[in-house]
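Enquirer: For reference, the structure I am asking about is given below.
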Amino acid sequence: MDRKLFEAATSGDVRFVQEASEALHREVTADGNSVLHIAAKLGHMELAEALCLKQPSLMKSSNSKGDTPLHCAAAAGHVAIVDLFVVHRAFLFDDPVFSEVYGVPWMTNNAGNTALHEATWNGHRAVVELLMSAAPDLADVENATGVSALYMAAERGSVEIAKELLKSPTASDEGPRGQTALHAAVLRSYDITEMILDKKPNSVRPQDATKSTPLHFAAANGDITMVQLLLQSDSKAAYIRDEDGYSTIHVAANAGHLKIIEQVLEYCPDSMGLTNNTGRNFFHVAVEKKNLEVVKYVLRSPWLTELVNAQDDEGNTPLHLAVISRNEKMVQVLLSCASVNASVMNNSGRTPVDLASSKVRIEIGLRMYNIMMDLMSHGSRFSPQRIDHIRSNLERKQDEEINRYRALANNLAIIAVLIATVTFAAAFTLPGGYKNNPGPDAGTAILSGTAAFKAFLISDTLAMASSISVAIILIHSGSLDHDVRLRSLMTAMKLLWVAAGGMSVAFATGLYVAVAPACEWLAVLVSAVACSLPFVAFAVTYWPSADYLSRVKVGMIPLLDQMGDSRTRSKILGQLGRRQMSSGKRCNDSFVRLQIYHMKAARDRRPDNMSFVTPASSKESLCC
């Protein structure tokens, strides 16, 4: 486009444009905008009117995006220019060109948008009102991605625009991916949702590409007022399932929205039994997603009792799922309910305690073991199987854990050697350098008298000594004695923390010595960061308790005692007397037997109204 013409168009210079030739009027910018496009974008009414008089065909010209001047005016919200293009010019002149131009409102750009789409998306209510009065059927048009103007209004939360569009009884409500305007409205505006339901009462049930209804959307969003509005309009929509088989109550349980669940059950009480594609009801989902509030609600509701032992397609009850997810708190909550049957077998013939025992590891952290013991203390039994197979399985798990310990020992050794190398090198490259003056102190450290330097030497020495100790101790991690392996690993891990902390302090003090003379605040800041990080890491890392091995072995004795294997039990009792932890505490036979006595006594004192079975004998409880 000619530079002077462009400047005249952007400034709204009507006189220059009128005097320009028709050929000049047809020139366009690099992105295909004509003079009329520019006038429409910038709101130059007089210039636009003059161009329409002189070159009416410009009204149908398109730029590189397919936008007509009307698209530009509608997107910018210039009502007067839209009025000029759509209404007045078409009737003021009896000209064949203008009768052709009257089709301009229906023209679409490359995205398939009409001027109504552009005005709606940009929130220009007055322009929408004008376009709807001139061509009400524009609301029926969907763009290239299947999006209607009403969907755009709902997505934007534009209440007044949605109200204007809904005046057309045939207005399309289609959106992308099979959605409708109501899908968007339930996430954006209560008022728009209310208006759509009033005009289109059957719009609650349509499903999108994932087979989700607007009610699914509202439930996932946790909007109780929106869910109530939709249920009042069409409560049967609560039974519709998405592609995963999730009904509204499943979605609410998945997200932990208890109030939504209560609302759905109020309108559709029988929806509690709906199952998804894997045969799970909403209680299964709540347990699997660890939503304790929902779980407790079900457990305290007598009319929902049938859900607590319901089995999915694999035969798993909610208790099975809690064990599989290693959620000890959830297991305890479920076992607190008298209605929970802790010995139900799934399709694989496994009870919850079977699943727990298969996942037990002799490791730092006793989550799965605690779960198993909780289950057994509440009457959960192993499925019928040979005792030697149970013991063999536990031994196999122990062997697997030993292999993991060996891999851990290798990693610890590598880290220890790296720390030893770094700290050894740091000891001979002291910060500040050495004195080279002739005399008795030649070759000594220049900064040896400063406190920071002394801290550097101490921490560096501590780190090097600790890391070398780790490397030496880990030699015993290959011992055939399980106790020696375990003790060496625990000691090595603790010393490695000391080495890492010492190395960090050495790094911090070394930097402080070098930087403090020039910028003390920077030296303090860097030192603080360097010193704190290892200790922060240690604080958030689980430090193994001093008697965790004792707790593991003490816990295993009741299990073995129930198995009736006296030889294995005696062997473990003998070993416990020889095993000591870093605290120096000793677990002798009398202590172990005392723990067994207390556990049995607690089991015998359980009230009769509890759901689990009080075994006649330990062996029968385990195997029958």
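From the backbone N, Cα and C atoms, a Cβ is placed for every residue, glycine too.
No curator has checked TrEMBL annotations; they are predicted automatically.
I grabbed these lines from TrEMBL:
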type: REPEAT; residues: 31-51; note: repeat 'ANK'
type: REPEAT; residues: 65-86; note: repeat 'ANK'
type: REPEAT; residues: 111-143; note: repeat 'ANK'
type: REPEAT; residues: 210-242; note: repeat 'ANK'
type: REPEAT; residues: 244-266; note: repeat 'ANK'
type: REPEAT; residues: 314-336; note: repeat 'ANK'
type: DOMAIN; residues: 405-513; note: domain 'PGG'
type: TRANSMEM; residues: 412-431; note: transmembrane segment
type: TRANSMEM; residues: 451-475; note: transmembrane segment
type: TRANSMEM; residues: 495-515; note: transmembrane segment
type: TRANSMEM; residues: 521-543; note: transmembrane segment
Enquirer: Is it possible to list how many residues within the repeat 'ANK' (244-266) are helical, extended or coil according to DSSP?
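Expert: Helix, strand and coil residues of the repeat 'ANK' (244-266) number 17 helix, 0 strand, 6 coil.
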Enquirer: State the residues, same chain only, that lie 6 or more residues beyond the ends of the repeat 'ANK' (65-86) and have a CB under 8 A from a CB inside it; answer 'none' if no residue qualifies.
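Expert: Residues 31-34, 36-37, 39-43, 45, 48-49, 52, 58-59, 101, 104-105, 107-111, 113, 115-116, 118-119, 121-122, 124, 126-127, 130-131, 134-135.
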Enquirer: With helix taken as DSSP H, G or I, strand as E or B and everything else coil, how many residues of the repeat 'ANK' (31-51) land in each class?
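Expert: Result for the repeat 'ANK' (31-51), in helix, strand, coil order: 15 helix, 0 strand, 6 coil.
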Enquirer: Could you give the residue numbers and ranges of same-chain residues that sit at least 6 residues beyond the repeat 'ANK' (210-242) on either side and whose C-beta is under 8 angstroms from one of its C-beta atoms?
Expert: 177, 180, 182-183, 185-187, 190, 193-194, 197, 201-204, 248-249, 251-252, 254-255, 257, 259-260, 263-264, 267-268, 271, 274, 276
Enquirer: Near the transmembrane segment (495-515), which residues from the same chain, at least 6 beyond its ends, have a CB less than 8 A from one of its CBs?
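Expert: Distant Cβ neighbours of the transmembrane segment (495-515) are 412, 415-416, 419-420, 422-423, 426, 431-432, 447, 450, 452-453, 455-456, 459-464, 466-467, 469-470, 473, 522-524, 526-528, 530-531, 533-535, 538.
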Enquirer: How does the repeat 'ANK' (314-336) divide up by DSSP, counting helix, then strand, then coil residues?
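Expert: In the repeat 'ANK' (314-336), the DSSP-based counts are 15 helix, 0 strand, 8 coil.
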